[in-house]
Amino acid sequence: MKLGRAVLGLLLLAPSVVQAVEPISLGLALAGVLTGYIYPRLYCLFAECCGQKRSLSREALQKDLDDNLFGQHLAKKIILNAVFGFINNPKPKKPLTLSLHGWTGTGKNFVSKIIAENIYEGGLNSDYVHLFVATLHFPHASNITLYKDQLQLWIRGNVSACARSIFIFDEMDKMHAGLIDAIKPFLDYYDLVDGVSYQKAMFIFLSNAGAERITDVALDFWRSGKQREDIKLKDIEHALSVSVFNNKNSGFWHSSLIDRNLIDYFVPFLPLEYKHLKMCIRVEMQSRGYEIDEDIVSRVAEEMTFFPKEERVFSDKGCKTVFTKLDYYYDD
């Protein structure tokens with residue numbers, strides 16, 4: 001309302017001021033102020049604007065990760081530092097590219113949601129956040145050439161409209177090999193590609209590929225009596241990137257994005273243990289407005305299946321199905 005009254009005041013004062021000075025020059029100056037300064041800010045009060053939450057709060061992002069992502073000390077640290085550093089860099093050399101790997105239910109999709117919500121008010125529903133699902137948007141191998149053209153046009157058009165666009169590619173392990181290489185020029189160290197800068201855009205890839213390698217490392221630590229929190233990125237990252245690159249069932253199979261080192265971070269999501277499932281269940285109870293009932297928490301967690309068969313250390317579905325299982329106990 002204060003801004004509205006200020007604009008109205010300028011409009012009411014304009015006739016008398018213009019009479020006292022040069023009508024044309026002052027009129028143009030006033031118009032410039034209204035259109036160049038006030039209008040965009042007034043518009044952004046009622047509609048989402050590109051980069052409207054660019055003053056990303058490190059504390060808010062960390063709180064979202066701490067409160068909602070469990071058993072993923074590596075992912076938390078990488079995401080927090082990479083995203084915060086990138087958004088607060090006025091002149092990045094290239095787009096930020098994150099490749100998130102792990103079994104279903106470990107938090108990959110949830111992290112992409114957290115990132116989107118911390119940058120744009122609309123989160124995944126923002127006009128500046130674009131989600132591609134391999135099996136939905138690129139189903140037919142025979143249409144790869146068409147998909148490549150469409151993908152390039154879509155990204156070019158949206159980055160032209162908003163430099164801070166976010167592109168999320170889900171089910172990379174189900175994407176046809178070679179397709180994702182179409183976006184290679186946009187991820188490289190170019191100031192401009194056909195007159196468009198992609199350096200402030202963000203690309204996030206989600207995949208189950210490489211999950212076996214991540215599990216091997218986590219299981220080795222467990223069998224050695226080491227804490228999972230002792231796992232370092234260097235223990236996994238190189239082996240993970242090689243595994244994904246050589247996986248014929250992955251959209252990254254022999255991809256130039258990996259070969260040219262254009263993926264900034266391969267982010268491993270560790271398989272979840274029994275205690276992490278209980279954390280997920282408690283958060284879901286709270287989100288539904290229920291008091292935490294530890295008996296129900298334990299019963300739901302115990303209904304989940306675990307692997308390896310002998311040791312039963314890790315949940316084979318992560319936290320993905322605990323929410324639906326919780327419905328059984330609250331059928332009112």
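Glycine residues also receive a Cβ, built from the backbone N, Cα and C atoms like all the rest.
Marked as ATP binding site by Swiss-Prot: Gly102, Trp103, Thr104, Gly105, Thr106, Gly107, Lys108, Asn109. Sequence-distant contacts (6 or more apart, same chain, Cβ under 8 Å) of Trp103 (ATP binding site) comprise Asn208, Ala211, Ile214, Thr215, Phe269, Pro271, Asp316, Lys317, Gly318.
Classification of Asn143 (N-linked glycosylation site) by DSSP places it within a helix. Around Asn143 (N-linked glycosylation site), taking its Cβ as the centre, 13 other Cβ atoms fall within 10 Å, counting all chains. Taken from Swiss-Prot, the feature N-linked glycosylation site applies to Asn143 (among others).
Secondary structure at Asn158 (N-linked glycosylation site), taken from DSSP and collapsed to helix, strand or coil, is helix. Swiss-Prot lists Asn158 (among others) with the feature N-linked glycosylation site.
If you look up Swiss-Prot, you'll see 91-251 marked as region 'Interaction with SNAPIN'.
Confidence for the region 'Interaction with KLC1' (251-332), expressed as mean pLDDT, is 94. Positions annotated as region 'Interaction with KLC1' by Swiss-Prot: 251-332.
Mapped onto DSSP classes, the region 'Interaction with SYNE3' (312-332) shows 6 helix, 2 strand, 13 coil. As annotated by Swiss-Prot, region 'Interaction with SYNE3' applies to 312-332.
Under the heading signal peptide, Swiss-Prot lists 1-20.
Distance noted between the C-alpha atoms of Asn143 (N-linked glycosylation site) and Lys108 (ATP binding site) is 28 Å.
Cα to Cα, Gly107 (ATP binding site) and Asn158 (N-linked glycosylation site) are separated by 27 Å. For the recorded positions Thr104, Thr106, Asn109, Asn158, the greatest number of Cβ atoms within 10 Å around a candidate Cβ is found at Thr106.
Across the structure, Asn109 (ATP binding site) and Asn158 (N-linked glycosylation site) are spaced 22 Å apart at their Cα atoms. Here the C-alpha separation of Asn158 (N-linked glycosylation site) and Lys108 (ATP binding site) works out to 24 Å. When secondary structure is read from DSSP and collapsed to three states, Gly105 (ATP binding site) falls in the coil class.
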